[in-house]
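As given in TrEMBL:
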- A:45-233: domain 'Dihydroorotase catalytic' (DOMAIN)
- A:H56, A:H58, A:D150, A:D303: Zn(2+) 1 binding site (BINDING)
- A:H58, A:L59, A:R60, A:N90, A:N276, A:H307: substrate binding site (BINDING)
- A:D150, A:H177, A:H230: Zn(2+) 2 binding site (BINDING)
- A:D303: active site (ACT_SITE)
Amino acid sequence: MSKILIRGAKVLGGEPQDVLIDGETIAAVGTDLDAGGAEVVEADGKVLLPGLVDLHTHLREPGREDSETVLTGTRAAASGGYTAVFAMANTFPVADTAGVVEQVYRLGRDHGYCDVQPIGAVTVGLEGKKLAELGAMHESAAGVTVFSDDGKCVDDAVIMRRALEYVKAFGGVVAQHAQEPRLTEGAQMNEGVVSAELGLGGWPAVAEESVIARDVLLAEHVGSRVHICHLSTAGSVEIVRWAKSRGIDVTAEVTPHHLLLTEEMVRTYNPVYKVNPPLRTERDVHALREALADGTIDIVATDHAPHPHEDKDCEWAAAAMGMVGLETALSVVQATMVETGLLDWAGVADRMSAKPARIGGARGHGRPVSVGEPANLTLVDTAYRGQVDPAGFASRSRNTPYEGRELPGRVTHTWLRGKATLVDGKLT
Amino acid sequence: MQRHLISAADLTRDDAVLILDTAEEMARVADRPIKKLPTLRGRTIVNLFFEDSTRTRISFEAAEKRLSADVINFTAKGSSVSKGESLKDTAQTLEAMGVDAVVIRHGASGAPYRLANSGWIDAAVINAGDGTHQHPTQALLDAFTMRRRLVGRDAGLGQDLSGKRITLVGDVLHSRVARSNVDLLHTLGAEVTLVAPPTLVPVGVGTWPCEVSYDLDSTLPKSDAVMMLRVQRERMNAAFFPTEREYSRRYGLDGDRMARMPEHAIVMHPGPMVRGMEITAEVADSDRCTVVEQVANGVSIRMAVLYLLLGGNEPAVTHARTTEEK
């Protein structure tokens with residue numbers, strides 16, 4: 001097996017160290033390590049992190065291969081520094097059977113850019129009526145532990161309760177897309193001052209907050225754990241904070257775009273800013289950053305949602321919801337959390353690797369950078385500054401809200417179990 | 001003047017007054033035996049209607065023809081939101097045909113803005129109503145009607161609506177007419193009050209340059225003009241108010257209520273009216289009601305907007321004009 005010596009990297013942002021990869025594992029960490037025939041990667045000044053883990057990715061395959069495939073999506077993930085992604089279930093067919101989740105899992109393994117851990121649907125066809133075969137998906141080769149109807153809310157309180165109870169049998173978790181459906185009929189953007197002016201249907205914060213409140217109470221009642229997807233409002237933060245203080249087993253994620261962008265962008269009527277949950281207010285953005293820093297929000301998840309050009313190059317109401325995010329996530333987190341002093345790089349490793357791996361049960365990912373651990377690693381040039389150019393994306397889709405925006409940081413290398421998937425910013 | 005007319009909020013006070021003054025000139029054309037000016041001869045204007053609106057389309061068409069433009073009517077009802085690409089494709093088709101201006105009505109808020117700012121076409125874009133967002137020429141014709149009635153036809157030239165108290169009543173939440181009017185009337189110096197049940201006022205209305213009241217009766221004696229907005233009957237099914245009768249009792253305008261308005265005050269309605277719901281026949285047919293004038297004024301306003309946006313060659317305004325930038 002090949003050896004790689006990463007020389008002089010700031011491990012988790014700390015003092016420069018050398019890290020020796022031997023085969024699939026980390027063989028040595030120290031200073032002045034002997035290369036001993038290993039391929040040397042000069043990492044002077046760069047930050048070495050455990051490979052990032054995304055608990056919320058849309059890979060679109062099967063069914064919408066015009067937007068993304070497991071191959072293009074995992075290449076995008078590797079470009080962004082990820083070594084594992086959890087693929088959401090809202091494909092066609094829906095990932096609600098062992099067969100579909102195994103297919104997605106195997107495609108990820110075969111392509112070899114990034115481990116793909118499928119998320120199973122909570123209900124058959126995401127219809128919210130009947131539980132999918134959660135146990136069969138767990139027992140399949142894919143070993144599903146995270147279940148979500150993401151894109152839709154499990155709004156029936158009884159179905160949600162049963163799902164929370166049922167997955168306890170195998171340590172699963174239900175990831176809720178919190179969106180009260182009746183309160184968000186015709187919703188196009190955050191409900192408030194801007195929606196009133198633009199005449200776009202409002203998506204009120206309470207539609208998210210009321211479902212989160214209900215679900216943490218359900219989780220408490222049945223003694224299960226619940227994960228809240230893409231939390232987006234200051235009120236949601238307060239509810240999760242309260243639930244945690246009460247000992248309820250709840251975890252929550254925030255997307256990079258909700259850490260950076262506000263509803264003011266919608267004034268352009270450019271559907272590249274159309275996303276679900278919608279971009280909120282400045283006040284919400286600050287609450288989310290603070291909550292991610294203090295641990296109320298556990299992780300950053302991309303909600304990478306690729307769409308073909310024609311689904312965005314149209315009038316706002318007709319456009320699809322979602323943004324791509326895998327290739328820009330770390331830069332946005334650097335800009336919003338690190339450069340604002342809210343989080344150090346160890347904190348980034350925790351929020352973008354260790355914790356998401358733990359919540360999703362991704363074995364071998366999110367581990368410390370230490371001897372004997374799997375060599376899932378990401379090297380970041382944090383001094384880099386540049387404009388986002390979607391033409392260079394590995395993702396099949398280009399629906400990024402950051403085109404032309406200057407963002408800091410650039411992932412130069414990614415290793416998946418010792419194998420380089422990204423070298424000097426280029427996919428292998 | 002800007003190149004497009006997307007929102008009433010985009011107009012400065014001087015822009016708006018210029019349009020109103022120009023419309024007075026245009027109105028004189030309607031009094032001539034031959035109701036036509038050669039101003040836009042050789043220009044092609046497309047009326048691109050993705051949503052039904054016979055009244056607005058005919059009004060624009062009349063305005064365009066009175067200015068001697070070549071007119072193409074394109075109706076694409078129902079095809080827009082189900083197939084998003086149709087707006088872009090349609091626009092580019094029209095562009096390829098050498099269109100100078102597009103008058104667009106669309107069910108999606110922001111569609112005209114997209115058309116004007118996405119680089120799909122070069123033509124001037126005039127918003128003829130988009131979703132629940134804006135309907136600027138409606139606001140202009142309303143302001144024109146108010147100025148004529150409350151200030152005077154000739155006395156009004158060069159004037160705005162400073163100090164006039166205007167009340168808009170009804171479904172503000174879904175009304176592009178309300179949004180456009182609040183913006184324009186504020187720009188013209190009027191004091192605007194919105195009256196509606198709280199369910200039909202948007203969350204976020206607090207930043208609008210107007211007052212909000214839930215009580216019609218206390219507002220009427222302080223109003224120089226009361227504009228009734230149309231209330232769609234289907235709103236009842238969505239629980240915006242309990243029953244049609246209750247709505248009419250609390251927010252409908254009948255003879256008794258009209259009697260509480262000042263002598264000189266007028267009643268307006270953008271049409272089409274739902275008689276018996278938001279307005280009784282007695283009020284609708286009274287000489288204080290300006291619905292028919294509003295329709296006539298709509299043609300003059302649209303002539304003025306087209307003239308100013310497309311920069312006609314012949315002078316249309318005989319008195320001093322403010323600087324026009326194209």
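The backbone N, Cα and C atoms fix where each Cβ goes, glycine too.
Features recorded in TrEMBL, as mapped to the structure shown.
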| residue | record | contacts (Cβ under 8 Å, 6+ apart) |
| --- | --- | --- |
| A:H56 | Zn(2+) 1 binding site | A:F86, A:M88, A:D150, A:A175, A:C229, A:H230, A:E253, A:T255, A:A301, A:T302, A:D303, A:H304 |
| A:H58 | Zn(2+) 1 binding site | A:E68, A:G73, A:A87, A:M88, A:N90, A:D303, A:H304, A:A305, A:P306, A:G322 |
| A:L59 | substrate binding site | A:E68, A:T69, A:V70, A:G73, A:T74, A:V85, A:A87, A:M88, A:T91, A:V104, A:V116 |
| A:R60 | substrate binding site | A:S67, A:E68, A:T69, A:G73, A:T91, A:P306 |
| A:H177 | Zn(2+) 2 binding site | A:S148, A:D149, A:D150, A:G151, A:K152, A:C153, A:V154, A:C229, A:H230 |
| A:N276 | substrate binding site | A:G151, A:Q179, A:W203, A:M321, A:G322 |
| A:H307 | substrate binding site | A:S67, A:A320, A:G322, A:S397, A:N399 |
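In this structure, A:H56 (Zn(2+) 1 binding site) is part of a beta strand by DSSP.
In the predicted model, the domain 'Dihydroorotase catalytic' (A:45-233) has a mean pLDDT of 97. Put plainly, the binding-site residues A:D150, A:D303 were compared by Cβ crowding within 10 Å, and the winner is A:D303.
Taking the mean position of the Cβ atoms of A:D150, A:H177, A:H230 as the Zn(2+) 2 site, the remaining same-chain residues with a Cβ inside 8 Å of that point are A:H56, A:M88, A:S148, A:G151, A:A175, A:Q176, A:A178, A:Q179, A:C229, A:N276, A:P277, A:D303. Every protein chain considered, the tally of other Cβ atoms within 10 Å of the Cβ of A:H230 (Zn(2+) 2 binding site) stands at 24.
Sitting within 8 Å of the Cβ centre of A:H56, A:H58, A:D150, A:D303, and not among those site residues for Zn(2+) 1, are the Cβ atoms of A:T57, A:M88, A:G151, A:C229, A:H230, A:A301, A:T302, A:H304, A:A305. In this view, A:N90 (substrate binding site) is surrounded by 23 other Cβ atoms within 10 Å of its Cβ, with every protein chain counted. Across the residues annotated as binding substrate (A:H58, A:L59, A:R60, A:N90, A:N276, A:H307), the two Cα atoms farthest apart lie 17 Å from each other.
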